[in-house]
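Each remark here refers to the structure printed beneath this line.
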Amino acid sequence: MSKTLPKDFLMGGASAAYQVEGATKEDGKGRVLWDDFLEKQGRFSPDPAADFYHRYDEDLTLAQEYGVQVIRVSIAWSRIFPDGAGKIEPRGVAYYHKLFASCEKHNIVPYVTLHHFDTPERLHEAGDWLSQEMLDDFLAYAKYCFKEFPEVTHWITINEPTSMAIQQYTSGTFPPAEKGRFDKTFQAEHNQILVHARIVNAYKDMNLGGEIGIVHALQTVYPYSDSKEDKHAAALQDAFENRLYLDGTLAGKYHQETLDLVKEILDANDQPMFKYSDSEMKEISAAAHKLDFVGVNNYFSKWLRAYDGASETVHNGTGAKGTSVSRIHGIGEEKKPDDVETTDWDWPIYPKGMHDILMRIHDEYPLVPATYVTENGIGLKEELPENATDETIIDDPKRIDYLKKYFGAIADAISDGANVKGYFIWSLQDQFSWTNGYSKRYGLFFVDFPTQKRYVKKSAFWFKKLSETHEIED
Ligand code: BG6
């Protein structure tokens with residue numbers, strides 16, 4: 001029997017400014033941490049990405065046609081404040097007013113992220129999430145947006161604080177590309193939790209009547225075996241990636257057990273504990289009681305086993321299956337069970353992980369009123385057939401299969417009591433990927449990167465039907 005979603009379940013598509021807009025040098029936009037990093041790396045350029053800066057109306061037309069009711073977009077901070085603070089760029093402000101007006105025209109509600117990995121360059125150089133200046137300027141920018149864009153009723157403070165911090169300071173895949181700095185990782189994470197709390201508190205004080213939440217990358221972590229050692233490795237990985245953050249934003253306090261696990265990771269790597277004060281924890285607690293929703297980004301799960309060698313991480317940024325490695329001193333080694341299938345980028349496909357993380361939020365973090373799946377999807381190598389015409393439809397059976405399974409898991413979590421109000425596929429259209437460039441495609445709509453022409457994928461038809469019927473086809 002097919003599973004169903006509630007009638008008021010919202011179907012959406014997700015994007016992020018730097019990954020879709022392109023136009024990084026247009027209309028006075030300021031530089032961000034990625035510009036210099038990608039230029040030096042020389043692998044791929046963020047321009048023109050999906051050229052959303054010029055083609056947003058075309059994409060929103062398609063989105064509406066294929067059953068998209070809500071969309072995640074982010075504001076590029078550096079389009080509004082090119083230098084992160086101070087002088088405002090009116091052309092950037094005007095662009096977002098036009099984008100939101102287009103959303104309204106197409107009957108699509110925007111969920112707007114204030115920071116999606118694109119720190120302005122000056123603030124990145126000042127220390128990014130480790131600097132007080134960044135925290136102050138981010139709060140000021142958020143307040144400016146709340147006043148300037150009353151047409152936005154759903155705000156997201158930060159996209160994936162933990163994944164940004166880990167990639168900046170542990171795995172080194174994001175600028176400034178440091179490796180093995182757990183102290184900086186946890187400090188950057190706490191600082192983001194703090195400034196998120198300040199923004200939530202400020203937003204609620206402004207009485208604007210809208211909703212505000214935060215989005216987290218939540219990879220469900222399981223022990224590789226039933227051994228005590230593997231279970232402990234899984235608990236450490238979970239504290240590292242999920243638990244500190246969930247505690248801070250959803251419970252408004254760090255549980256002692258979480259802090260003990262964090263300290264164990266830091267001690268094993270001879271690094272100091274992150275700093276936080278009682279007064280900061282009061283702000284964090286107040287915000288957790290006012291938060292309207294949490295967004296869950298879940299693509300895959302992890303299995304951990306005990307490991308006591310030196311840290312070694314290799315990122316698969318090319319789609320060469322089986323090339324990624326993650327062994328972290330003081331945590332453990334990632335090792336998936338043989339029968340779990342993976343994508344070409346080594347991401348294990350495990351829908352039960354989605355169910356389990358949604359249930360965990362429901363069971364362990366009762367303060368949070370609502371949950372959205374704010375990112376989920378599959379990255380595939382896809383090509384436009386040589387003889388393509390305007391009517392060509394891109395066949396993506398693997399995506400349809402993935403979506404069926406993950407939607408099934410979401411429906412199961414809802415039946416089990418989780419309050420999941422909607423789903424945003426990553427991604428609406430093919431986009432630029434931070435560490436994989438243009439070869440890892442996630443979209444419902446194919447973007448031919450040289451010409452920027454859009455083609456519909458079969459999964460978009462599947463998505464539209466689900467949006468209309470709320471029945472998940474077997
Ligand atoms: C999420 C991010 O972590 O995963 C997105 O919020 C990102 O910005 C997405 O693109 C998919 O990751 P990747 O590395 O496959 O592009």
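Placed from the backbone N, Cα and C atoms, the Cβ positions cover glycine too.
Not measured: the values here are computed from a predicted model.
According to TrEMBL, the protein carries these features:
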type	residues	note
BINDING	Q19, H116, N159, E160, N297, S433, W434, K440, Y442	D-galactose 6-phosphate binding site
ACT_SITE	E160	active site, proton donor
ACT_SITE	E375	active site, nucleophile
CA pair Q19 (D-galactose 6-phosphate binding site) / E375 (active site, nucleophile), Å rounded to integer, equals 14
Students should find that the Cα atoms of N159 (D-galactose 6-phosphate binding site) and E375 (active site, nucleophile) sit apart, in Å rounded to an integer, by 10
Close to E160 (active site, proton donor), taking Cα pairs within 10 Å and only the binding-site residues N297, W434, Y442, are N297
CB contacts under 8 angstroms to N297 (D-galactose 6-phosphate binding site), restricted to the same chain and 6+ apart in sequence, sorted by sequence, are N159, E160, V215, H216, A217, L218, V373, T374, E375, N376, W426
Of all C-alpha pairs drawn from the D-galactose 6-phosphate-binding set Q19, H116, N159, E160, N297, S433, W434, K440, Y442, the farthest apart lie at a distance in Å of 20
Per DSSP (helix/strand/coil reduction), Q19 (D-galactose 6-phosphate binding site) sits in helix
Within 10 angstroms of the C-beta of Q19 (D-galactose 6-phosphate binding site), the count of other C-beta atoms across all shown chains comes to 25
For Y442 (D-galactose 6-phosphate binding site), the same-chain residues 6+ apart in sequence with C-beta under 8 angstroms from its C-beta are G377, I378, G379, L380, I425, W426, S427, D430, Q431, S433
